[in-house]
Amino acid sequence: MERRKITVQTFLNMKGREKIAMLTAYDYPSALLVDAAGVDGILVGDSLGMVVLGYENTLKVTLADMLIHVAAVARARPKALLVADMPFMTYETGPRDALRAAAKLVRAGAEAVKPEGGQEIFDVVERLVKAGIPVMGHIGLNPQRVLALGGFKLVGKTEEQAKKIEEDARALQEAGAFALVIESVPAGVAKRVTESVKIPTICIGGGPHCDGQILVLHDVLGLSQRPPSFAKRYADIASAIRDAVGRYVDEVKRGVFPSPEYYKE
Ligand code: KIV
């Protein structure tokens, strides 16, 4: 049976019924693979700056970078919902800039966009939603604020911080967001947020009580240099690549490759 196309409405209907499984993907072949494996949503995350482009953090990722990767993933025509991150400083400057950036992401193939932040981006989220662009929120740890935070840390440890995260969640829901990513918070805080909103919550480093989970593909496959402690590695593709490339180099050096079945005289 052919898999149904997953939409924003599907995500909303899944809350309380079925857990949502999301992964990042940044290019055509990985999008084909994760989609065929059955993920509900693919995020073209600005984490590509770290795991693909080798930056220290996500701040150097530009809209031009994102457009290339979103278009590549969209060419896989995934059944999964295709969400694109809004990169640093494409929405903090206000709703008009946000609309312009989000429109480009949508034209590249995104079916929803994800800016980072809570109450402070209420106007941005509301304007995008009014324009017909679905918004996935991102609260808890916001990696685009790494300089102000002083590193990638667990947030929401004090009651004051936990309340702020809950207020952020409610504000984004009121602004029209259809789902929320909650990153790096104690499991109890993620549970409180999940129970206090009608839209699905999707956790990364937030424990098991959310409506879904998301991880970075390179962490799952064992391809990241510095994976976070909350990311489970499901495969060791780095070893498989090193082994395959090592054997290729060895065979070329020894004149074993190409053997007759790989060429014509
Ligand atoms: O950029 C990204 O991959 C993300 C996830 C960590 C949620 O925003």
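Every residue, even glycine, has its Cβ placed from backbone N, Cα and C.
Just so you know, TrEMBL annotations are computer predictions that nobody has curated.
The Mg(2+) binding site annotation in TrEMBL covers ASP46, ASP85, GLU116. Per TrEMBL, 3-methyl-2-oxobutanoate binding site is recorded for ASP46, SER47, ASP85, LYS114. Summarising the annotation, TrEMBL assigns active site, proton acceptor to GLU183.
Distribution of TrEMBL features across the structure.
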residue : record                               : DSSP (3 states)
ASP46   : Mg(2+) binding site                  : coil
ASP85   : Mg(2+) binding site                  : strand
LYS114  : 3-methyl-2-oxobutanoate binding site : strand
GLU183  : active site, proton acceptor         : strand
Cα distance (Å, whole number) from ASP85 (Mg(2+) binding site) to SER47 (3-methyl-2-oxobutanoate binding site): 9
Beyond the site residues ASP46, ASP85, GLU116: chain residues whose C-beta lies within 8 Å of the centroid, for Mg(2+): GLY45, SER47, THR58, VAL61, MET86, PRO87, PHE88, LYS114, PRO115, HIS138, PRO143, GLN144
Rounded to the nearest Å - Cα separation of GLU183 (active site, proton acceptor) and LYS114 (3-methyl-2-oxobutanoate binding site): 13
Number of other Cβ atoms within 10 Å of the Cβ of GLU116 (Mg(2+) binding site) across all protein chains: 24
Least Cβ-crowded entry, counting other Cβ within 10 Å, from the recorded positions listed as ASP46, ASP85, GLU183: GLU183
Span of the 3-methyl-2-oxobutanoate site, taken as the largest CA to CA distance across ASP46, SER47, ASP85, LYS114 (Å, rounded to a whole number): 12
Separation of alpha carbons, ASP85 (Mg(2+) binding site) and LYS114 (3-methyl-2-oxobutanoate binding site) (Å): 5
LYS114 (3-methyl-2-oxobutanoate binding site): tally of other CB atoms within 10 A of its CB: 23
Cβ neighbour count within 10 Å of SER47 (3-methyl-2-oxobutanoate binding site): 23
